[in-house]
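Per Swiss-Prot, N-myristoyl glycine is recorded for G2, and the stated evidence type is sequence analysis. Feature annotation from Swiss-Prot assigns domain 'EF-hand 1' to 40-58; the stated evidence is sequence analysis. Per Swiss-Prot, domain 'EF-hand 2' is recorded for 60-95. Annotation comment: Swiss-Prot describes D73, N75, D77, S79, E84 as Ca(2+) 1 binding site. The domain 'EF-hand 3' annotation in Swiss-Prot covers 96-131. Summarising the annotation, Swiss-Prot assigns Ca(2+) 2 binding site to D109, D111, N113, Y115, E120. Annotation comment: Swiss-Prot describes 144-179 as domain 'EF-hand 4', evidence class sequence analysis. The Ca(2+) 3 binding site annotation in Swiss-Prot covers D157, N159, D161, R163, E168.
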Amino acid sequence: MGKQNSKLKPEVLEDLRHQTQFSEEELQEWYKGSLKDCPSGHLSVEEFKKIYGNFFPYGDASRFAEHVFRTFDTNGDGSIDFREFICALSVTSRGQLEQKLRWAFSMYDLDGNGYISRQEMLEIVTAIYKMVGTVMKMPEDESTPERRTDKIFRQMDKNMDGRLSIDEFIEGAKSDPSIVRLLQCDPQAATQS
């Protein structure tokens, strides 16, 4: 993402090859597309929310998009550059399950203290419910954000301290694939659980 060149510099390309799961060709294609969509080289939270919202026309994706943006913006400068975007995309689209879960944990851990509180989980789950609108039919025990949060905590909070450690989060998700679908808000969650 930048005005100067339509191709990544060889040293940047090499670095991104090692940091991501993308081939050189894929990285160049993503870079070319990002120049077209974002000539400034940086995506603001408002621009990101607008783009993200296009994928969820029947709901309000703005709150969830803000959480995704915060997690993509690894240097915390309030914008996403190509490196941040492509590294996050690599984890979320091609990473191993544990990498994806660690990434998701960092999004849910709003205050960055290494734990997900019930309130943090509720904030994210509420944002997901607003994003999907009425498109997804939820089972009765997940019919509200509060109920879904309670269900996740019942299944994951093994030491019952009211917060999820990264180990509880990862183990809980790995031991019950329906939780992964719940966390990712997979529309098939209701039919496969």
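Residue positions begin at 1 at the first shown residue.
Glycine is treated like the rest: Cβ placed from N, Cα and C.
The secondary structure of S79 (Ca(2+) 1 binding site), as reduced to three states from DSSP, is extended strand.
A gap of 15 Å separates the Cα atoms of E168 (Ca(2+) 3 binding site) and E120 (Ca(2+) 2 binding site). Same-chain neighbours of the domain 'EF-hand 2' (60-95): 1-2, 12, 16, 19-22, 27, 30-31, 34, 41-45, 48-49, 52-53, 103, 106-107, 110, 123-124, 126-128, 130-131, 133, counting only residues six or more beyond its ends whose CB sits under 8 Å from a CB of the stretch. Counted within 10 Å of its Cβ, the other Cβ atoms near D161 (Ca(2+) 3 binding site) come to 10, all protein chains included. Annotation note: N159 (Ca(2+) 3 binding site) sits in a coil segment as assigned by DSSP. The candidate set comprises the binding-site residues S79, N159. Of these, S79 has the most other Cβ atoms within 10 Å. Cα of N113 (Ca(2+) 2 binding site) to Cα of N75 (Ca(2+) 1 binding site): a span of 17 Å. Taking the binding-site residues D73, E84, D109, D111, D157 in turn, the residue surrounded by the fewest other Cβ atoms inside 10 Å of its Cβ turns out to be D111. Sequence-distant neighbours of R163 (Ca(2+) 3 binding site) (same chain, 6+ residues apart, CB-CB distance under 8 A): Y115, I116, S117, R118, D157.
Here the C-alpha separation of N159 (Ca(2+) 3 binding site) and E120 (Ca(2+) 2 binding site) works out to 18 Å. Within 8 Å of the centroid of the Cβ atoms of D73, N75, D77, S79, E84, where the record puts Ca(2+) 1, the same chain has further Cβ atoms from H42, F72, T74, G76, G78, I80, D81.
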